[in-house]
Each structure stands twice: as structure tokens, then as C-alpha cells.
Amino acid sequence: MMRILLFLATNFAVLFVFNIILTLTGIQRQDAVGLLIFATLFGFTGSIISLLMSKSMALRSVNGQVIEQPRNETEHWLLQTVHSQAERAGLPMPTVAIYHSADVNAFATGATKKNSLVAVSTGLLNAMTRDEAEAVLAHEVSHIKSGDMVTMTLLQGVLNTFVIFISRMLAKVVATDRDGNTSQGIYFMISMVLELVFGVLASMIAMWFSRYREFKADAGSAELVGKHKMIAALQRLKTLHEPQEMEGQLAAFAINGKRGGLASLFLSHPPLEKRIEALRNLDSLNGK
């Protein structure tokens, strides 16, 4: 329900901005409607395709090995743990995979709750205790339960639409003279510059939302396995070497992430200290 309300609110915001721009610029409504349709199609197409292909693309990008029949005790434990957590969260069993990497990380992805993936690095399995790894798995299961992959796709689509539409509307105003003639060269250059600038701002918004969802996934893990296990997992991450930021959409749903300075505005994860503090402040889970 919250995801639907968010989507409706963002679409209302698009229409509100659309009408303001028409009023300020004097651009004909039919021209603006055509551009808005183009921006929406272009803005959402890439995000939706990425979502639909996210599971297979993720497995390919990390060379992940899906666990169908456990070959050892670790794989058996992984399947049993994810199955138990998914059952408690009211979810179908996700696909579980392991990928070889020294980086201590895990991620969740997939277009729907019925077609989701939880992948874990060998580095995480080697570096963490079972309790800590259990908390990380619960964090990823919480991402799936909350539908974060779909929510991020909708948000990215709306942001893409805003960037394309506003950039081209403003470029049209600047590139059009008093006689109504538009210089295509000036229009193209200005629209490209504005799309770059607004694209950076849109990335900051998307990453802010991703960091917000990380706090929620941490809380979801605490609800599933107890907050002390999740705190222990995050503290373990603090003691390890600086992790590598995952690429693309995987970064938003991994357990780990980099930090630092102004660059933190573009990171998918909050600082570990803030995540630990937020967990300690979960009064309703003090007994766990």
C-alpha cells in the first residue's frame, strides 16, 4: 500500500510541475504533452527492463552459482536459513546463490517476490560467524519483503522522466527566439548539459532513498533474527578492510557499502555507525 501511495504522490508531483512549467514558459500544451509522453516512455523503459532482467544479470555479473542441491554443510545451512526466514516473512522461497569473492557482501534482487534472488559472497561466509551471516541474510530477505527492488525501479523511472522532461522544456525556452524559431544546435547542447546536471541531482535523491531503505532492511533483519545479531554483523563489517562498492543496481540491495565526505551523498548505504545506532534505538526490539 505504501508503495502505491508513493507512486501516486510522485505522479501527482509530475503533473503539478508540468502545469507550473507550462504556465511559466507559455509552451503549447500539445507540445508539452508529447514531450511528457516521450520522457515517460524513455524514463521508465530502461528501469523496467533492468528490473525484469535483474536476477539473471546479477548472477552473470558475479558469476554466481545457484544452490539447487546442497553439496556441503555450508550450502545446506544457507538454504535452510533462507527458507526459514522467508517462511517467517510470508515469502516464497527465493533462489539462493553463492559467488566467489574476497569482498564481504551479499545482495538481493528480482522483479517480484515470487522471482527473487539472495546471493552471498564466499568472503562473507568465511569472515562472519553463523549468527552474523544469519542477520545479513535476514537483511536481504527484508529487502524482498518490502518490495524495495520494485520501489527503486518506480522511483528511478519517475526521476528519469523528470530529468528528460524538465531539461528539454527549459532548453526549448532558451533556444527559441522571439519569433518562435528554435535553434536545434543550441537546443541540443543546452538539453544535454541540463540532463547531466539534473541527472546528478536525481542520483542524489535515488541514493538518499536507498540509504533510507537500508535502515528499514536492518530493522527488518532485527525483527526476524534479533537486533543484537544484526548489530554484531555490522560491527564485524567495521573491523574488516574497506569494501568495494558494487556496481549498478546491485549496490542498492547489498549489505555493505563505502563511505566518505561529499561522496557519501551518492552512496547507496549509510555509515555503519549510523546503522548500528539506529538498531540500538529500536526500543520495541530491546528484548531480542
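A Cβ is built for glycine as well, from the same backbone N, Cα and C atoms used for every other residue.
Feature annotation from Swiss-Prot assigns active site to E140. Among the features that Swiss-Prot reports, Zn(2+) binding site is placed at H139, H143, E214, with the record citing sequence analysis. The transmembrane segment annotation in Swiss-Prot covers 4-24, 33-53, 146-166, 186-206 and rests on sequence analysis.
Nonlocal intrachain contacts for the transmembrane segment (33-53), taken as residues 6+ away from its ends with a CB within less than 8 angstroms of a stretch CB, comprise 14, 18, 111, 149-150, 153-154, 156-165, 168-169, 249. Other C-beta atoms found within 10 angstroms of the C-beta of E214 (Zn(2+) binding site) number 24, with every protein chain shown included. Using a 10 Å radius centred on the Cβ of E140 (active site) and all shown protein chains, the other Cβ atoms total 28. A straight line from the CA of E140 (active site) to the CA of E214 (Zn(2+) binding site) spans 10 Å.
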